[in-house]
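Here's what TrEMBL has on this protein:
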REPEAT    207-241  repeat 'PPR'
REPEAT    309-343  repeat 'PPR'
REPEAT    411-445  repeat 'PPR'
REPEAT    513-547  repeat 'PPR'
REPEAT    615-649  repeat 'PPR'
Amino acid sequence: TELAPLDYTLKVLSYDGNLTTCLCTMCLELIVQPVKVCSFTDCQTTAHREELAAFTSTPFTPRIWSFVGTLDCSSHQQVGNGYTKFQEELRKRDMLPTKGGDGDLGETQEWIQAMQADNEQKELPASKLQNLDYGIDTRRAATLVASLKACAKRKDLDKGSKLHADIVKMRLHEKNHYISSALISMYAKCGALEKAQEVFDELPDRNVVSWNALIAGYVQHGQGGRAMKCFEQMNRGACSPDRVTLSCILRACGSLGALDKGQEIHTQIASEHLFEKDVLVSTALVDMYAKCGSLGKAQEVFNELPVRNVVSWTALIAGYAQHKHGKEALYYFEQMQHAGVPPNAVTFACVLKACGSVGALQKGEEIHGQIVKNLLLDKHVVVANAVIDMYAKCGALEKARDVFDKLIVRDIISWNALITGYTQQGHGEEALKCFDQMLSDGFSPDATTYAGILKACGSIGALDKGQEIHGHLMRQCLLEKNAVVANALVDMYAKCGALEKAEEFIHEVQTRDIVAWTALIAGYVQHGRSDEALNCYEQLQLKGLFPDAITFACILKACGNTGFVFKGQEIHADVVRRGSLESVMAISTALVDMYANFGLLMEAQESFNALSTRDVASWSALMVGYSQLGKAEVVFHLLEEMIEEGAKPDLITCTIILNTCSHEGCLEKGQMYFEILSTRYGIFPHPDHYTCMIDLFGRAGHLHEAVTVIEKMSLSVNLAMWISLLGGCKKWGNIKLGSWVFEHAKRLDGVDHEAYVCLSNIYAEAAKYPDARRSKMMRVRMQG
């Protein structure tokens, strides 16, 4: 007889990838018939052979409790229609829980509505379509899980809550752990952690899936402490952790820096052989050790991995980048590529961070090219932000700005990367312009933005703007919530010279943060008030605060400025007692600088020789000491030695060398160094460098050359340059040129008396006392 219309659904369930069961539900008989399928030829239902062939030929591998697709045919004669629908479902599989994808909410809801309409039309008895393990319609369960995951991806809490209400009405969450776990996960990913906890607490019984959903939620939102408490509570119950639990809790240990707890879990895994060779757990161990700074142990676990995937490589690279081992991060990135493992967006972000930390601009540009080639720049804003940050840290601000301007989507981190870059490279005014543009584009600053812009204000002395931002921070109550912002505010006031305001704020908020106190001490030192810096140091000790490396470096500088040899030696002894601090570069350099200022070159040289690594700051500190004692040849030798060791001279080094040449009358060397430091090392001449050259020509009697330097300058001439030239006129008695220089100096700064004193001395030494008296009268009039 002619067959009646036939409706069927093809479902595939997999357990550990070993058992595949085909459930063919036929309306003709309304029965559920499980058929074990070793290959599609074993299928007892020959009418579905074509569909099974389509399934087995796809690269898709079903996972535990996988809902693969739905085939609806009105009869055997419409197998082609069913086959088309099957292909459509496979196309959409990324939105289903089978692949772990989060899917598209709009597309998922259309599919849900179609499924519901189909069910209503066919009126299939639910009892005939029940999942054998969980007691509810598998189509409905899969639909709800997929929809909840779509809500989680979109952070659509409203739609997720409505779905929750429907689920509660049907009491489905009580019958199916996957639905309840998807609910917990949805709330957690939407940031509603209290609601996720509430759903969890209401569960009649909890299994490992529901525990995992809650623990993962806490880890995702940076609440590692609460995740650890959940893990401990889970261990006290009858539920044993699985590979997902262990990987999540190891991530929590890494985020908290809880190395001891992480090692304890590692020991438990090894002793009980819990997923010991599992790639997910092993990769989580690499990540935990790397984040905790135990890079040797991370490397050891990584080397033992049976399979190294992109996640494990990235975990190792991220650890090295995070802990300022940029060269090692770049090395493992190259090894990863040699191993044939393609990097993902997170890998690129980590390795770009490494490039920025070591100034590897060329490598960063190469990686930028790979990112553009893989079309990742527009797809992942985190990668674009990393590119901007890398260029900014490497000093390539124009390239950073170019990438920023071309971004289709920007977030607050994009703006922060650009603002921080301008600030770090000494372009505070550009940072402020960027900040204003950000506000006009409708972005709200976060703590990182405020910290960066306050630093910019401090760098250019923009006190008014800094005070304006202080007002915003008070209205938003951010100063009480965020120590980084509060410390940045103290630093801004200190750098702008508003030291009383900085100290007032510290006492007002009663901060015990050593960073804030150090910023205040550094401010006093910077503004020539080293005695008050020493007083602040005494105060913080009385409060029981422990100085850090930067505090010691600042206070040693204060000792050097005041000439308090005994106090400096006392603090040096305190550093030695603390052991590891003496090897910190900033402290060692400060010791060199302090002893050099004291004129104790033997002690300065000893401190310098003790350095395991010498940077340009430590070389410069030693050069200053020898320069102050007139040992020019030693200074020149140190410069050559520094260059041979691979340290690149900077602006300060250049100033020291040119100043030494000027004071010791080394005209030819001065001209040579001025030339090679700019051409060979790319140091764009600073106003201080021109002042040194003018002074050098003036002392040597080459006044015409000194004037030529001024005339050829691309920068504006400042008062110090005119005063230096006046000094040369005084030395060589050139009254005519001195008068010309004086007139220019007077236009620049009429209230500065140094030019008048210098001109008066020129006249006096030339025995032209009436002219000297005229200069003095002019100075008196200016004071009036």
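Cβ coordinates are placed from backbone N, Cα and C, and glycine is handled just like the others.
Sequence-remote contacts of a segment are chain residues at least 6 beyond its ends whose Cβ falls under 8 Å from one of its Cβ atoms, and for the repeat 'PPR' (615-649) they are 585, 588-590, 592-593, 595-597, 599, 601, 604-605, 608, 656-657, 659-661, 663-664, 666, 669, 677, 681, 683.
Taken residue by residue, the repeat 'PPR' (615-649) breaks down under DSSP into 26 helix, 0 strand, 9 coil. Confidence in the repeat 'PPR' (513-547), given as mean pLDDT, stands at 94.
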